[in-house]
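Swiss-Prot has this to say about the protein:
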- ALA2: N-acetylalanine (MOD_RES)
- SER337: phosphoserine (MOD_RES)
- SER512: phosphoserine (MOD_RES)
- 51-92: repeat 'ARM 1' (REPEAT)
- 95-134: repeat 'ARM 2' (REPEAT)
- 138-176: repeat 'ARM 3' (REPEAT)
- 178-217: repeat 'ARM 4' (REPEAT)
- 224-265: repeat 'ARM 5' (REPEAT)
- 374-413: repeat 'ARM 8' (REPEAT)
- 416-455: repeat 'ARM 9' (REPEAT)
- 458-497: repeat 'ARM 10' (REPEAT)
- 501-540: repeat 'ARM 11' (REPEAT)
- 543-585: repeat 'ARM 12' (REPEAT)
- 588-627: repeat 'ARM 13' (REPEAT)
- 634-673: repeat 'ARM 14' (REPEAT)
Amino acid sequence: MACLLETPIRMSVLSEVTASSRHYVDRLFDPDPQKVLQGVIDMKNAVIGNNKQKANLIVLGAVPRLLYLLQQETSSTELKTECAVVLGSLAMGTENNVKSLLDCHIIPALLQGLLSPDLKFIEACLRCLRTIFTSPVTPEELLYTDATVIPHLMALLSRSRYTQEYICQIFSHCCKGPDHQTILFNHGAVQNIAHLLTSVSYKVRMQALKCFSVLAFENPQVSMTLVNVLVDGELLPQIFVKMLQRDKPIEMQLTSAKCLTYMCRAGAIRTDDNCIVLKTLPCLVRMCSKERLLEERVEGAETLAYLIEPDVELQRIASITDHLIAMLADYFKYPSSVSAITDIKRLDHDLKHAHELRQAAFKLYASLGANDEDIRKKIIDTENMMDRIVTGLSESSVKVRLAAVRCLHSLSRSVQQLRTSFQDHAVWKPLMKVLQNAPDEILVVASSMLCNLLLEFSPSKEPILESGAVELLCGLTQSENPALRVNGIWALMNMAFQAEQKIKADILRSLSTEQLFRLLSDSDLNVLMKTLGLLRNLLSTRPHIDKIMSTHGKQIMQAVTLILEGEHNIEVKEQTLCILANIADGTTAKELIMTNDDILQKIKYYMGHSHVKLQLAAMFCISNLVWNEEEGSQERQDKLRDMGIVDILHKLSQSPDSNLCDKAKTALQQYLA
């Protein structure tokens, strides 16, 4: 019986809940406009801070009716305004509420409302639009669908401090990427918003500042314009510097520092400018201190990482400012150990930000250690740092894993660290694990780091080889992603450098000649260059050259011919001629050149090329072919003389280029010996 009773009970509870809300909706349909207005006002009071009531009213169909009243010409301005206020309140509930409002096409209705002459109604519409556009479920594109909207919003900026605050907030949330920046810039965003930085309202100043930070991000055009904008006789960068002084609210300091950082990275402010070195950088380091809130520390560290990323001098200055390297170690101490039950809220907060803190610290360490050996050593010597980074490689959060890999990659540029810390912590093990199964963005950085670990002086090279790296890297060369193809082939190139014959044979077997030749015709120049580099490293030391050419000679000569005939740049042709020079150094392999008249004619052609690099590379081929201490040298010399090579050598021995001149003289001596 209990089962039978259960449903009616649930239904009665539901009907009770909806009944208490239904009368609010019913009153919206009253024929008396005064009663409708009072109904909307009562609804407004009922939903404030009550998410359950908001959800009920949405389910009962309040939104379409409110939108209808908002758009009716016969509705009084007061009624329209109250409708906009209620809709704004509903939007402040859950994300599902916002989705429901979007489904009812609330944005076009509110944008239409902005054409009203009544300021209070306009402000209510803007406040509601602000709430909807700042929700993560709202597509930013909805602001740009109608081309008349942005210019109209620009015109409304002068109406009141509320229109200024809401419109700037809408712009800063909906400006995502260069297309949006261009639209706002072309409609006069810089000129219309600049003077708001001196508004008496803190909220207006703050929202205007946020607008400039999103407009300037990675945008040279906007940044170059901002540098020269005057507001009340003061240049914008000077205003931003004033806003990042210690006596200003933290939010303002951080956002001003972002504006100056983005302008600097976009090339509008020099990295050695005082406003960067003496103001922006110290402000961002301050934001990383223990005194700041966790979210401020995250934002401070990430912005600082971005500011110093390309500049070694800023990296050095940051590394010795306020013990920054040691200060960042504290980012890994969250969540803190909780003793009292009263700290549960604190624990929840710490947990929420722990991932972000670790990610920010890794990013900043990566930027700090990008170039300077001493800074890298300081980072690695910081308490348990290598352990923390290695742990970061297996974090559940993709963003933390990516930041940890980037940090390791930055530190792996150090020969000293590759030989010591990286070996002590067997970094290659977790790295190989990361490479087995990770999103492309992580794979790109991890495989790039593997290239460093496979350099000939790295002690990690041997164990990496033994753990199946060849197959893994050959797999990467088949990726759709050009960056992964480059890194895969680059790592194989490093692996093949001065390697034993067995390793070279493993590479050729795993890669397959078909794939090797696919890579030699890759549209990506970097892939082609690294593949040629791999081939050059495979074809080094005579026994290896002869062995490889005895099995793959025909295909390799074919590939070389195609590249020398193709429309390739100087570097590609030079690398290809160097491969030929290596083949010419083989004992039996050189016969593959001597019996190929087409290749010999190409070498002759490049000896007379206008570019010295190509002449030199062709000369290496000739020197190796005519060297008289080797068997068959007389026949080779005779054949090359008949082709006119000796005449070219005489001509080159008079070359103004000392290298070329010396090489030609050395080759001629082989004929005289």
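Using the three backbone atoms N, Cα and C, a Cβ is placed for every residue, glycine included.
In terms of DSSP helix, strand and coil, the repeat 'ARM 8' (374-413) has 30 helix, 0 strand, 10 coil. Same-chain residues lying 6+ beyond the ends of the repeat 'ARM 1' (51-92) with a Cβ under 8 Å from its Cβ atoms: 17-18, 20-22, 24-25, 28-29, 33, 36-37, 40-41, 43-44, 98, 100-101, 104-106, 109-110, 112-113, 116, 118, 120-121, 124-125, 127-128, 131-132, 135. The stretch from 178-217, 374-413, 543-585, 588-627 that makes the most Cβ contacts under 8 Å with the repeat 'ARM 5' (224-265) is 178-217.
A sphere of 10 angstroms centred on the C-beta of SER512 (phosphoserine) encloses 11 other C-beta atoms. Same-chain neighbours of the repeat 'ARM 14' (634-673): 590, 594, 600-601, 604, 607-608, 612, 615-616, 619-620, 622-623, 625-628, counting only residues six or more beyond its ends whose CB sits under 8 Å from a CB of the stretch. Away from its own ends, the repeat 'ARM 4' (178-217) comes close to residues 140, 144, 150-151, 154, 157, 161, 164-165, 168-169, 171-172, 223, 225-226, 229, 231-232, 236, 239-240, 243, 249, 251-252, 255-256, 258-259, 262-263, 266, 268 of its chain (Cβ-Cβ under 8 Å, at least six residues beyond either end). Along the repeat 'ARM 14' (634-673), the predicted structure has mean pLDDT 91.
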